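What follows is one structure encoded as structure tokens, with my remarks underneath.
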Amino acid sequence: MKHLNLPTTLLPRVLRKGPSLPTLESQTPRGMNDDTCSQRSDCCALGVGLCSSELAPKGNKHSEVATDDRPECCQGKATPCCDETCLDRIALRECQSSHPGKASTESTGNSCDGVKHGKPCSDHSRRARRNYKSKLDALGCICRALIALGQASCCVPSPDGSSEFKGTPSLRSHSSASLKSLSTGLDTKRRHAATSRGQQKAQQAHGSAGIPLGTRSPCSKGCCDSRQARGATPPRFRAGGCCVETKDAALTAMTPTQQALESTEQSDPEKHGLPCREHVVLAISGMTCTGCETKLQRTLGTLQPVTNLKTSLVLARAEFDLDAGTLTPDAVIKHLERTTEFKCERVNFETSSLDFVCNGNSQSIVDGPWPRGVTGVTIVDKGKSVRVDFDPQTIGARDLVEKGWSEPMTLAASQADPGLEAGNKHVRHMGLMTLLSIALTIPVLVMAWAPLPENEIAYGSASLALATVVQLVVAGPFYPKALKSFVFSRIIEMDLLIVLSTSAAYIFSVVSFSYMITGHPLSTGEFFETSTLLVTLIMVGRYAAALARQKAVESISIRSLQAPTATIVCDSGVEMKVDARLLQLGDVFKVVPDSKVPTDGTVISGDSEMDESMLTGESVPVEKHPGSSVVAGSINGSGTLIVKLTRLPEHNTISTVASMVDEAKLSKPRVQEVADRVATYFVPVIIVFTIITFIIWIAVGVDVRNQSGREATIRAVTYAVTVLIVSCPCAIGLAVPMVIVISTGMAAERGIVFKTSQSVEVAYRTSHVVFDKTGTLTMGKLSVSEQVFLNHEAFLTRSMLLGLISQNKHPVSVAVAAHLKDQGVEPIEVANAKIVTGKGVESQVRGDRLRAGNSRWIDATSNPSVQGMLSRGYTVFCFSVNDSLAAVFGLEDAVRPDAISTVTALQARKIDVHVLSGDDDVAVRAVASRLGIADETVMSRCSPADKQAYLQQLTRPTVPPGKSPVKPVVMFCGDGTNDAVALAGATIGVHMNGGTDVAQSAADVVLVRPDLGKILTTMAISRKSIHRIAFNFGWSFVYNLFAILLASGAFVHARIPPEYAGLGELVSVLPVIAAAALLRWSRV
């Protein structure tokens, strides 16, 4: 059982919430002595506080009511409430939960020896005291905290060794109800909380006839008994009420939106406990245009528990945070599928999970006992598979497969990128429907256009049958999607144009065919070939667009770099090739020549070189020796390496970079807001224009061409249908996101991770680049070139200094510490060293005040030794004892090889280059002079606040003569040491990363490897991306303008026939996708 430990400062608030609880005599397991509570569970009592102080008997010696000033949750309970025996009771409960079904004297062979003679093992005893002792001492009560965390009260003894208590049904019911109050409406069989699932499974293992979590036992009034006798579903507890029916039955009578809104009632924290936030990622199948994304946003936006919503049409994905206490992810998926006709599947990038192929009934696996460490089991792939979420710290992936289940389970086939699977399914479905439509349309075209013998009735009947199948089977799904979009989301989208146009063509053909049968054919005759060809060309266009979009996204998929297999080396030396998903903590794996590294690790033997260009963009191999780090996805050279695993595949560098890139793809630049606004109004405007076209052509036919009303109407319908279908807002909707997806993926391949799409949008307009000096313009590997000791106790001085700075990670401190260690200095233990940001470090040792840092803070700038080192351009590091200068060190740092070329290129583009540093003035200006940076843009001796003020000054809007104010784009580039404030204050913060942990920075752009030339690449990618976006917008405008004019008959001698209008989507969307995809091969 896992513990969710709350800080002590939070517990008083938790403990004050909710009604007072029933208690038992804490020393004995004899059950309840409160006469007002029967041994049966009374759900009605739950609603009024469950044996609160008002109902406690007056004369019971075991239930002495407390009237002191103890915590509120304890008032009215038996005395004592919580003491040391509660800790023993918690330990006993956890020990029993770890060994369900084991005899009390049986040893399991792991760190927990199980319950012996009614006492917990030493391991769980220590753990319980470590987790709860401080809270007990501080508050005197921990029972309410346990209930808030979904566990039973600590005041409840366990007479039978189960985690659900047979002898105290009302308390078991109350524990269930308390958990229910945390997660109203939650399906406990699929809950991902390990604690609640552990309680339920422990109860099943003991064969208890207890009540499932989330339901109540029958109440003493008999109302629940009668319901259950009739076979009804047991009612569920809701705070403040008695015998409340489950919502499921009531919800069936509501509309889908009402059902979702009913499920999203805000939970009062006083009643329902702490919220449970869960991050949900959904892969959406069926999105084809920007209207679909808008519909997705509005549908999810109506659900109150959904926050931080992000969607992407190109990725076919939605991400959001969900209050799982009020609405489950499954409920969100069902609501979404009902109201949008999309197909949704949950994707998990954050937790460890495996998919298993079910040999039998998948539901039995969900309902059956789970192995220890499994946190959730869900059915996927229409019941063919189950997805198992587990804690890799508790159970490894191989252990889960080999010995985790009572029946053998087969691992499902791996997916290179699970997030792309929904897109592949959509493309396959579109391809099948397109082939079906083509197969049904070809006979109609042959009967309409081929020189066949005269038999109009037979050909017409066959065409009607085939056209009806096309209209119902192929075009049929458009109808519910369009209607539900309008009803539930109030959106008029592209599907509605397709429905109106194809329906008009089909119905008109049916009417015309009816006239022909009755012997009064219309002048145009029936034209089923128009409706069928229209649908088929629409499907061809959508399939081609979906396929091109999917291939473009797959081409820059970072997760596809993950190696599918790994060779692990067992303790006995035996090598075994396994699926990379089955790697687990503690593994040692072998990397043979010319193979991919399966996950991050540390080399323990062997020498080789690695090609890390797939993540860094650098083609030069990196040498690897024992102790070197290796990165997942990199390609080994000629040597063989034995590597100790440091990160599992789901948390390695590939997964981290992919998550950061996806975050950028899901964010929306400002120009996307304009495109979305245009696309929102596009379809209604087209409908209005279609009506105008229809009216105009009727007037022209009747008044100008002297046609009959019927002839004029027929002609007007053909023009209206063509206008409806030839217009396409999809190109507008894809103009921005398609480019963002390709550009961010292309940048990641070059070692540049855009964390926001706004950075892509503005980086090319950079007017100022501000560099930190140490570690950015310089190598960051300082070395001591000169040292002076100013007292006669140099050995003691060295020891005290090393003890003071040994734990400091600042580059200067690291260099001085390494220098002292090389001299064989042993540090004196210095406790509570305090880092003073931008100045140094200080502490107290045996009454002596120690300070080490820059010369200004030490107040030693006038010392001759200090001045001499400053004049020679050294970085000066001083050490004082009781404010008396004891030692001075002069350090120097080499300038990065690419610094001069980068600064020169920036200046050639008329970009101002600045240097900010906390180093001494002479050292900073020496580096700036070597790089050709003007003195007026150099600032030394900067604290983080100084850097922030300097950047604020640079980012102030400027007013060019005769123009409106312009806000400069300021890029700050630092290595992350004391640069957090500056990174946040700049328009674009660039973090130069020196290792594989790229997720630690709060910057907008992360350079996977410290390479200043990547700054120029960042600007180049941004510039080319904006150019492609401009082209896409231009093409969308030109296409729609001329297509609508041709379709409406504005050009007298040129028009688009209605049967070919379906090619509109293909012609409009493919150039947009091609322009974005070709960006990948651009020179940047």
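Cβ atoms are placed via backbone N, Cα and C, with glycine included.
A TrEMBL annotation is a machine prediction, not a hand-curated record.
Taken from TrEMBL as is:
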COMPBIAS  98-111  compositional bias 'Polar residues'
COMPBIAS  114-125  compositional bias 'Basic and acidic residues'
COMPBIAS  170-186  compositional bias 'Low complexity'
COMPBIAS  196-206  compositional bias 'Polar residues'
DOMAIN    278-344  domain 'HMA'
REGION    98-127  region 'Disordered'
REGION    165-213  region 'Disordered'
TRANSMEM  432-451  transmembrane segment
TRANSMEM  457-479  transmembrane segment
TRANSMEM  491-515  transmembrane segment
TRANSMEM  678-699  transmembrane segment
TRANSMEM  719-742  transmembrane segment
TRANSMEM  1029-1054  transmembrane segment
TRANSMEM  1060-1079  transmembrane segment
Fill in the blank from the handout: Outside the transmembrane segment (1060-1079), at least 6 residues beyond either end, the same-chain residues with a Cβ under 8 Å of its Cβ set are 501, 533-538, 540-542, 544-545, 548-549, 551-552, 555, 721-722, 724-728, 730-731, 734-735, 738-739, 741-743, 746, 1024-1025, 1028, 1031-1032, 1035-1036, 1039-1040, 1043, 1047
Problem - Contacting positions for the transmembrane segment (457-479) when only residues 6+ beyond its ends and CB under 8 Å are counted - result: 341, 433, 436-437, 440-441, 443-444, 447-448, 495, 498-499, 502-503, 506, 509-510, 513, 516-517, 526, 528-529, 531-532, 535-536, 538-539
Exercise for the section: Could you put numbers on the helix, strand and coil content of the domain 'HMA' (278-344), residue by residue per DSSP? Expected result: 24 helix, 24 strand, 19 coil
Completion exercise
Averaged over the domain 'HMA' (278-344), the pLDDT of the predicted model comes to 86
